[in-house]
Amino acid sequence: MLKGIHPALSPELLKTLAEMGHGDEIVLADAHFPAHSLHKNVIRADGISIDILLEAITPLFEFDAYVDAPLLMMKAVEGDSLDPNVETRYLNAIESAVGFTPNLTSLERFDFYTRAKQAYAVVVSGEIAKYGNIIIKKGVTPIL
């Protein structure tokens, strides 16, 4: 155990976050997401909701400042509905952890899947909210 590291972060997830470079993306996927059929680098975070993962990850993670929206979520399929509180819950978790909320946009379902295939890794969470997936784009970490 490391001091100052959120207990929701597994050693595998910490290693992955450290390996990622600027411009790399990571998918925080809900429990329904077809992670293993879309990606070879899948990390399990069973039982942990995405808002908790966001609270744990974002203090360690610089958001990409060179894109309009470093956060991407999945749009509901036409005729289906999604709970707007999911997005609010995620943005509140980020705000709570880092003091601001980066821009967020949404992608159609299959565009989201295509983008997820290109990500550095997919983290399968215990999130059960429908359309509860989010992609985070890593930025350049400032040198202090």
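Including glycine, each Cβ sits where the backbone N, Cα and C put it.
The following features are taken from Swiss-Prot:
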- HIS22: active site, proton donor (ACT_SITE)
- ASP30, ARG109, TYR131, GLY132, ASN133: substrate binding site (BINDING)
Item checked: TYR131 (substrate binding site) to HIS22 (active site, proton donor) - Cα separation in whole Å -> 26
Notebook entry, point to check: Near ARG109 (substrate binding site), how many other Cβ atoms are within 10 Å of its Cβ?
Noted result: 15
Notebook entry, point to check: In angstrom units, rounded to an integer, how far apart are the Cα atoms of ARG109 (substrate binding site) and HIS22 (active site, proton donor)?
Noted result: 25
Next item on the list: Name the secondary structure element type, per DSSP in three states, that contains ARG109 (substrate binding site).
Entry: helix
Check: Could you give the Cα-Cα distance between GLY132 (substrate binding site) and the residue listed as 'active site, proton donor', in whole Å?
Finding: 24
Margin query: Cα-Cα, whole number of Å: ASP30 (substrate binding site) versus HIS22 (active site, proton donor)?
Written below: 24
Margin query: Around the C-beta of HIS22 (active site, proton donor), how many further C-beta atoms are within 10 angstroms, looking at every protein chain?
Written below: 13
